[in-house]
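Undergrad: Questions regarding the structure given below will be posed in turn.
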Amino acid sequence: MLLPNILLTGTPGVGKTTLGKELASRSGLKYVNVGDLAREGQLYDGYDEEYDCPILDEDRVVDELENQMSEGGVIVDYHGCDFFPERWFHIVFVLKTDNSVLYNRLETRGYNQKKLKDNIQCEIFQVLYEEALGSYKEEIVHQLPSNKPEDLEDNINQILKWVEQWVKDHSS
């Protein structure tokens, strides 16, 4: 494997997609948005009426990504992470956003009140950070702030430096 695999995770609205796309364009790594992948391949296992969204078929998503992940050089963007094989990722970044900023982002997306409230609580209780810590080795899980444009730039630079170092460390 010549390039590392990176997981971007966190509550919906924290900026995973913005970071992932920009990171891919600057690093040459391949970007995969799991939500888009599922939509394109109809990788669903029903519909959640309460949250007004399809239910991801996690096994089919893993099957769909397996070959790409074994080649390396992939940035995966998804809010959940406990169903991905641990061996896939060399580093995991959990984005964190202040509640007032996150609330505005989700409200702009048109989330219903329950979905909005549950996602804000998810962020307050750091549910996805805890999920990442429970799913991967603690030393590869890192939290990054994602509130303002400067954070985005800082995060991109930090991750690009990490990728560069990883490539140096793993080239023979």
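Each residue, glycine too, has its Cβ placed from N, Cα and C.
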Undergrad: Which of these ranges is annotated region 'NMPbind' in TrEMBL: 33-56, 57-80?
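TA: Of the candidate stretches, TrEMBL labels 33-56 as region 'NMPbind'.
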Undergrad: Over the region 'NMPbind' (33-56), what is the model's mean pLDDT?
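TA: Mean per-residue confidence for the region 'NMPbind' (33-56): 95 out of 100.
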